[in-house]
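Here the structure is laid out as structure tokens; the discussion comes afterwards.
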Amino acid sequence: MGIQSSTMKLPLIHEILDYWHLLKPKIMYLVVLTGVTGIIIAPGNIHPLIAVISTLCIALGSGAAGAINMWYDSDIDALMTRTKTRPIPAGKISRSSALEVGLVLSFISVTIMMIAVNYISGILLAISIGFYIYVYTMYLKRRTPQNIVIGGAAGALPPIIGWTSVTGSISIESLVLFLIIFMWTPPHFWALSLLNYHEYEKAKIPMLPVTHGIFTTKIHILVYSILLFPITLLPGLFLKDPVLYEITAIPLGLMFVVQAFQVFKSSISYHYRVMFTYSIIYLFILFTCIMLSSF
């Protein structure tokens, strides 16, 4: 009886994991981190329960956008090695089920944010989800190599949403956090596109290396990385412990530029992968340090 019960539970566990992967959890982790950063560094007080609700809504909104993105992109996901194991092309979840999950989570996250937190945070969450789905996924991604640059605005909104959850208004400080993520996004994804250049070409996605070549992409990565560096120093102007922040942000940022320069010089995929991996670690450490420097 016990063996039969365990056997019956396995398919359920696998199904739950499939739906979890549909929500793009790796992206969700960074989205939640940046959103929580906005909540923590914002002036004023917020009830812990409201902070938790805001964080959950940001997470659900991110997952909703990820699910609808997978629904819309399931045709091109099936063509690329990196994405063909995703739940829809792998045949684990139907397109209709993915769309239903995305729409339901979108409605729940935005509605709860508006009712339990405040209207502006709910509106910004709706804009973030809508921008990622309609502007980036449905329009920009398959039409222009600037898809990542413009579409990155959606992923840069969570710290503003976190900030407005506390204050009810947008500020310069929250816009600085937005700008950091906005400038970080292109070199992060262009490093990935260098790694998967032929995959994007096969799927006819106009990523920068496909439309303008590898050398041009490397120049863009280097330029954006250099421009990102001084922007990441700006939080030191308003954090309570600017010394802690700057002694962390400066070497982190310099290493980011060094990695970008390595990509520029190299034609080895190893350096592209290192740049991509480091960019994730970089953002995680940077925003963690922003939180710690606010106390």
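Every residue, even glycine, has its Cβ placed from backbone N, Cα and C.
Keep in mind that this is a model prediction, so the values were computed, not measured.
As recorded in Swiss-Prot, the features of this protein are as follows:
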TRANSMEM  30-50  transmembrane segment
TRANSMEM  51-71  transmembrane segment
TRANSMEM  93-115  transmembrane segment
TRANSMEM  119-136  transmembrane segment
TRANSMEM  148-168  transmembrane segment
TRANSMEM  175-195  transmembrane segment
TRANSMEM  219-239  transmembrane segment
TRANSMEM  244-264  transmembrane segment
TRANSMEM  275-295  transmembrane segment
Of the listed stretches 51-71, 93-115, 119-136, 244-264, which one has the most C-beta pairs under 8 A with the transmembrane segment (175-195)? 244-264
Determine which residues of the chain contact the transmembrane segment (93-115) at the Cβ level, with the cut-off under 8 Å and only residues 6 or more beyond its ends counted. 18-19, 22-23, 53-54, 56-58, 60-61, 63-68, 70-71, 74, 87, 121-123, 125-126, 129, 161, 165
Distal contacts, the transmembrane segment (244-264) - CB-CB under 8 A, six or more residues away: 187, 191, 194, 218-219, 221-222, 224-226, 228-229, 232-233, 235-236, 271-272, 274-275, 278-279, 282, 285-286, 289-290, 292-293
